[in-house]
Amino acid sequence: NPREMSFKQVLPAFPRALRPSTRLNGKQSYSILTGRVSTPLVKSSPSALAPRPGGLHQTQSRGVKTLDFAGHKEVVYERADWPASKLQEYFKNDTLAIIGYGSQGHGQGLNARDNGLNVVIGVREGGASWKAAEADGWVPGKTLLPINQALEKGTIIMNLLSDAAQSQTWESIKPYLTKGKTLYFSHGFSVVYKNDTGVVPPKDIDVILCAPKGSGRTVRTLFQEGRGINGSIAVWQDVTGHAKEKAVALGVGVGTGYLYETTFEKEVYSDLYGERGVLMGGIQGMFLAQYKVLRENGHTPSEAFNETVEEATQSLFPLIGAHGMDYMYAACSTTARRGALDWAPKFEAANKPIFEELYKSVKNGNETRRSLEFNGRKTYAQDLAKELAEIDAQEIWRAGKTVRALRPDAKKS
């Protein structure tokens, strides 16, 4: 039955269904099985609310849902249950001390401030991050402080430094983590790989995680658009008995639209794996391999780039993001569809051993040690700039600059 959704089909539909814009006017509807009085998330006819065979069922209570994926249940928290007024009341006695003002510090800090929470930024006085924070309206001596002062003032210490910096600064941060405070991360890296990082939190504090699934700039942009990015929450230590609730509230406070539960270990494993895989490393490798074969067979740089990158990013990937893979296939020509259906299993078979090798490398700590070693070098900035310059110099991306300049929207600007 073409209307039946398999387990793999449900997974991409799940995050799309939870996007605020999708819930209001999206095409896909899911059954809402209520244990007590609640309001539907989508406007649908009674028939649209019937359970899909083998599909996704929801049990909802206020802003919390339990989703059943073919027998596997996951709890999801929505921001609907945490309006700004409730957040402000919940954190009225707290000061959020954000340590670091990089990508996540910027996005999460501004969002928390806009939600009316008491936030201070802790960075090196006079440095680039200090100047960036000051430009964003943080006030020196009040909401913009040297790191030690922010740590002293904060009741919730949000360590948003880079992974390498968290390891390097841990001994200076640890004394400020006194009983009753909360330690917050947006990545499980430091505590999961404690044998490599040396990060071992005190036993008398809550340790929680909220990991927005995107860059800090995206966290900020989607919040400003009223949408919110998805994210995950986890608890490492629950001393107060309220660690999970606190993680959910902070997740909403820093700008997420919905949150799903995970563990510190699973968060860091999936994150490192995904970044090295199809999100970044894998996609660069696939793009480059396809482009090179086209060029070796006489295709021009323009044609090779358009058939490799431009059509993917400008036409096809947005369809996948909005509606799913099956929708994208259905939107393409019969010839394209047939070829994609035939070749996808071959790519899966060829790539699965590489992904298995990658996951093992993440889980056994090899990727962690590699990251700490490289990012801890004194020549880190110069080494990184050299590697990125090498990518920029590749013909595929030099061709891309010309192609992007030809887009109608580029000409208008």
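Each Cβ is built from the backbone N, Cα and C atoms, and glycine gets one as well.
TrEMBL entries are annotated by machine, without manual review.
According to TrEMBL, the feature Mg(2+) 1 binding site maps to Asp271, Glu275. For Asp271, Glu307, Glu311, the entry in TrEMBL reads Mg(2+) 2 binding site. Taken from TrEMBL, the feature substrate binding site applies to Ser333. Per TrEMBL, domain 'KARI N-terminal Rossmann' is recorded for 73-262. The annotation domain 'KARI C-terminal knotted' is assigned in TrEMBL to 263-410.
Broken down with DSSP, the domain 'KARI C-terminal knotted' (263-410) shows 127 helix, 0 strand, 21 coil. It is 22 Å from the Cα atom of Glu275 (Mg(2+) 1 binding site) to that of Glu311 (Mg(2+) 2 binding site). Rounded to the nearest whole angstrom, the C-alpha distance between Asp271 (Mg(2+) 1 binding site) and Glu311 (Mg(2+) 2 binding site) is 27. Reported as a whole number, the C-alpha separation between Glu311 (Mg(2+) 2 binding site) and Ser333 (substrate binding site) equals 14 Å.
Around Glu307 (Mg(2+) 2 binding site), a 10 Å sphere centred on its CB holds 14 further CB atoms from the protein chains shown. By a simple count of nearby Cβ atoms, those within 10 Å, the most crowded of the binding-site residues Asp271, Glu275, Glu311 is Asp271.
Distance between Cα atoms for Ser333 (substrate binding site) and Glu307 (Mg(2+) 2 binding site): 15 Å, as a whole number. Cβ contacts within 10 Å of Ser333 (substrate binding site), excluding its own Cβ and spanning all protein chains shown: 8.
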